[in-house]
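Taken verbatim from TrEMBL:
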type: ACT_SITE; residues: HIS292; note: active site, proton acceptor
type: BINDING; residues: TYR350, HIS371; note: homogentisate binding site
type: DOMAIN; residues: 5-279; note: domain 'Homogentisate 1,2-dioxygenase N-terminal'
type: DOMAIN; residues: 281-434; note: domain 'Homogentisate 1,2-dioxygenase C-terminal'
Amino acid sequence: MAEYQYLSGFGSHFSSEDARCPGALPEGQNSPQKCAYGLYAEQLSGSAFTAPRTENVRSWLYRIRPSVVHEPFKPYQVAPFLRGNKWDEQPPNPNQMRWSPFDLPETGEERDFVAGLHTVCGAGDVRSRHGLAVHVYLCNKSMENTAFYNSDGDFLIVPQQGPLDITTEFGRLYVKPNEICVIPQGIRFSVAVEGPTRGYILEVYDGHFKLPDLGPIGANGLANPRDFLTPTAWFEDRTVEGFKMVSKYQGALFVATQNHSPFDVVGWHGNYAPYKYDLAKFMVINSVSYDHCDPSIFTVLTCPSNKYGTAIADFVIFPPRWSVQENTFRPPYYHRNCMSEFMGLILGRYEAKEGGFLPGGASLHSIMTPHGPDRKCFEGASGATLKPERIAEGTQAFMFESSLSMAVTRWGEETCQKLDASYYECWQTLEKKFKI
């Protein structure tokens, strides 16, 4: 795939220009009186101008036409189950929830990435820029002469079935299952697929995703910055009558038309750009003596809140690893949490519940709702001979964890018809073992 070329690093200031137009980037300044090749200079700001330098993100794009060349936006009714603000559709429900794999489009039905967006749960408000949403995408058709951007926040996309061939203003990304990508707020992109395609999206309204602080771990570990890949500049100079530009704004979709492709950025520089990451490269840290490290040790990316040490959302994975603890119940412990835990499964079988929790499905354990291993898992792990062993081999489960109390949409609780009403039964056969 020679056409997919990347720059390595996380949060770096990159410079890239398409090899077809050497010298497209100006030297020594951002906005010259005349740009090379007759290009337009355009700044894309991902933070306030006066944000601290450590949090200030922006990029300069040198493009064939400025983004402002489009017709007026109009409401676009193409994704009826997409939500951004309507968190009161259903009464609150504190029960443990588990979904069977979400249905892909039926034979004969064509649905692209945007039309395939379905919101499962979320919290907060896009207008006040505080909160998050969890979506799934269920599609089987490539976006044709259509681009999309999200005015409300960042998309962290987790493919589960089928790769995503993503064209962005900054270049091209090819994202396979067991990889993730992040498309920051405002960046325009188009998704091509290779058949029935499914995955998960974590959307955050407050800020941007960061690498977690490592503290006593030191300088190295978890997701290493060098393994994050940002696309190099690539452009097309293509006239298209009626090209659709779709905007997600205040939780609703709008569409405008224009007569050209928006992927006409010949060169760019800055620290605000899309990126991808291969989850297989995560450096796992775990206990080598006894007991568990808390699952925060598996955090790939975090979107912090204003409360120190507390996240609007963490993206956490449970990858293949060695388990060597002595005198320890090794599966995840029984738990009640001040955070909401939404889990999905990319592939394999999750160690704490090998039945019922399937790839393409999900679970939600809300704030202070108890959860943990089922009886089969508990009995097996309690009586197992403890020896070093590989666990979660061929498996990749993940969690979107949030400090906010998430509400489930009507589609998530009723319309999708995937909610397992018998989920609670997996704990009902746990026996009293107390003896004096």
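Including glycine, each Cβ sits where the backbone N, Cα and C put it.
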Query raised in the report: Which one of these recorded positions, HIS292, HIS371, has the sparsest Cβ neighbourhood, judged by other Cβ atoms within 10 angstroms?
Result: HIS292
Report task. Rounded to the nearest Å, what's the C-alpha distance separating HIS371 (homogentisate binding site) and the residue listed as 'active site, proton acceptor'? Just drop the number here, would you? Result -> 16
Query raised in the report: In sequence order, which residues at least six apart in the same chain have a CB under 8 Å from the CB of TYR350 (homogentisate binding site)?
Result: PHE318, MET343, PHE357, ALA392, THR395, ALA397
